[in-house]
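First the structure, in the form of structure tokens, and then the observations on it.
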Amino acid sequence: MAAPSLTAKLLSEFVGTFLLVLTVGCNVLGSNATWGGVSIAFVLMVSIYAMGAISGANFNPAVSVTLGISKSMGGPGLDWATVGQYAIVQSGAGISAAICYCLMFGRSFNLTPSDGFGWLNAGLCETLYTFVLCFVVLNVAAARKNATEHNEYYGMAIGLVIVAGAYGAGAVSGGCFNPAVALGIDVSSAARGFGWCVPYVLFEVAGAAAAAALFKVVRPEDFSGERTARAELVSEFLGTFVLVLTVGLNVLAKSKAGALSIAAALTSMIYAVGDVSGAHFNPAVTLAIFASGRCAQLTPGKAGMYVLAQMLGGATAAAMYSFIYVGQSFPLGPVAGSTWTQVTIAEIVFTFLLSFVVLCVAVSPRTKSSHMFGLLIGSCVTVGGFAIGGISGGSLNPAVSVGIASANLLNGGLFYTALIYSALELAGGAAAAGLFKITHDIDVDAAEKEKLVA
């Protein structure tokens with residue numbers, strides 16, 4: 001089959017970027033605070049599936065830059081000539097879309113940090129979630145293994161990053177994560193001053209560069225290297241960091257879509273590095289997999305290192321969200337008059353659900369899902385977050401619990417609640433392993449069956 005022409009590629013990039021920026025503007029000017037992030041994510045997702053086979057569906061100069069950096073380091077990606085052509089077309093599409101939404105609504109909006117936040121706070125949000133976006137693109141769409149296997153989840157994984165960042169980080173910076181978006185907004189409001197897009201673009205390009213660098217760390221085999229234990233531990237650190245960061249930013253922003261946003265972050269990162277480390281991002285999940293006895297590669301020493309990486313990722317993320325929110329944090333404990341008995345039931349049951357689903361869709365050879373595993377696991381967080389968020393907060397993860405408590409400790413909070421939550425969550429993980437060994441006994445060899453019967 002002949003390769004698409006340059007004209008076809010550039011037109012695809014223009015159309016995809018135009019639709020993305022137009023959707024951003026319509027949601028902002030239409031005051032769609034609750035579902036705007038989902039709307040923007042979905043237009044990105046459908047455009048990726050529609051035109052990914054034509055141009056690669058970058059629709060974002062930062063994504064093109066991260067692919068250029070990756071290729072310059074010897075990995076998969078784009079040559080710099082193509083990066084330049086794409087960036088010019090994407091920028092033009094962003095400006096065109098901004099003019100269009102201004103004509104539709106008769107007004108524009110400014111590109112500035114939200115009230116109460118400075119440029120550093122907003123810049124960190126732009127850097128971090130542009131990093132996540134570019135990192136997910138590199139892993140699900142550019143990595144040689146995933147590109148060869150033609151996975152069906154790449155567009156969904158990329159689109160869900162927007163849901164992850166739009167609510168918590170978006171409340172600080174506006175949630176561009178894309179120089180074409182920033183440029184379009186700035187041009188459309190130029191009558192009130194132009195140039196605010198420059199720091200945004202610089203922060204976003206920094207995120208793109210960091211994504212390429214860490215892509216090389218987690219997938220050295222794509223750069224003529226060999227897979228090492230470091231790749232697995234870095235993957236666990238990064239996945240947990242992104243998860244806990246998204247938790248904290250959504251809680252501090254008082255987001256109504258918090259559970260959905262957190263689940264989106266988890267889903268995207270599972271798809272990004274699931275084939276590198278297993279994408280546990282949760283000590284309770286690591287315990288469940290280890291206790292199930294179905295993963296020979298997960299030795300006691302490796303499980304311990306995973307938990308350490310997860311805890312470090314959670315604590316680092318908590319320090320980051322507290323810094324972004326100018327020192328603010330929040331406590332871990334019963335919510336709105338709930339009792340510890342209610343918290344105990346809630347955390348055990350829904351951590352059990354999460355861990356059991358992980359075992360079924362990502363570990364069991366009989367019931368594992370090749371393409372839906374990330375969405376199914378992430379959906380458990382949506383379920384738990386909305387179901388018990390008003391009782392326990394819906395932590396479901398010792399790394400989340402320790403991260404929240406450690407950040408709040410700096411503001412005079414108590415840490416012991418993290419120990420209680422962690423014990424409950426680990427109990428849920430252990431219970432999931434116990435049930436899994438019974439319901440999925442057909443996966444086990446004869447010797448293990450005899451142990452179960454006995």
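If you go along the chain as it appears here, the first residue is 1 and each next one adds 1.
Every residue gets a Cβ built from N, Cα and C, even glycine.
The transmembrane segment annotation in TrEMBL covers 40-59 (among others).
Tertiary proximity for the transmembrane segment (118-141) is limited to same-chain residues at least six positions away from its ends with a CB under 8 Å from its CB atoms, namely 52, 56, 58, 60, 62-63, 66-67, 70, 76-77, 112, 147, 151, 153-154, 157-158, 161-162, 164-165, 169-170, 172-178, 199-200, 203-204, 206-208, 210-212, 214-215, 218-219, 238, 242, 245, 249, 265, 268-269, 271-273, 320, 323-326. The annotation transmembrane segment is assigned in TrEMBL to 118-141 (among others).
Positions annotated as transmembrane segment by TrEMBL: 153-173 (among others).
Listed by sequence, the residues of this chain that lie at least six past the ends of the transmembrane segment (193-215) yet keep a Cβ under 8 A from its Cβ atoms are 61-63, 65-66, 69-70, 73, 75, 77, 110-112, 119, 122-124, 126-135, 137-139, 142-143, 173, 176-179, 182-183, 185-187, 222, 234, 238. Look at TrEMBL and you will find 193-215 (among others) tagged as transmembrane segment.
Through the fold, the transmembrane segment (236-253) approaches residues 125, 128, 132, 135, 164-165, 167-172, 214, 218, 261-262, 264-266, 268-270, 272-273, 277, 279-282, 306, 309-314, 316-318, 320-322, 324-325, 328-330, 393, 397, 399-400, 403-404, 407 of its own chain, all at least 6 residues removed from its boundaries and within a Cβ separation under 8 Å. According to TrEMBL, the feature transmembrane segment maps to 236-253 (among others).
The transmembrane segment feature in TrEMBL is assigned to 259-291 (among others). Residues 37-38, 41, 132, 135-136, 139-140, 145-146, 151, 153-154, 156-158, 160-161, 163-168, 218-219, 227, 231-233, 235-236, 238-240, 242-243, 245-247, 250, 298, 300, 303, 306-307, 310-311, 313, 351, 354-356, 358-359, 362-363, 373-375, 377-382, 384-386, 389, 394, 396-400, 422, 425-426, 428-430, 432-434, 436 of the same chain, all 6+ positions outside the transmembrane segment (259-291), place their C-beta atoms under 8 angstroms from a C-beta of that stretch.
Annotation comment: TrEMBL describes 303-324 (among others) as transmembrane segment.
If you look up TrEMBL, you'll see 344-363 (among others) marked as transmembrane segment.
Annotation comment: TrEMBL describes 375-394 (among others) as transmembrane segment.
What TrEMBL lists as transmembrane segment is 414-436 (among others). Residues of the same chain lying 6 or more positions beyond the ends of the transmembrane segment (414-436) and with a Cβ under 8 Å from any Cβ of it are 283-292, 294, 331-333, 340, 343-344, 347-356, 358-360, 364, 392, 395-398, 401-402, 404-406, 408.
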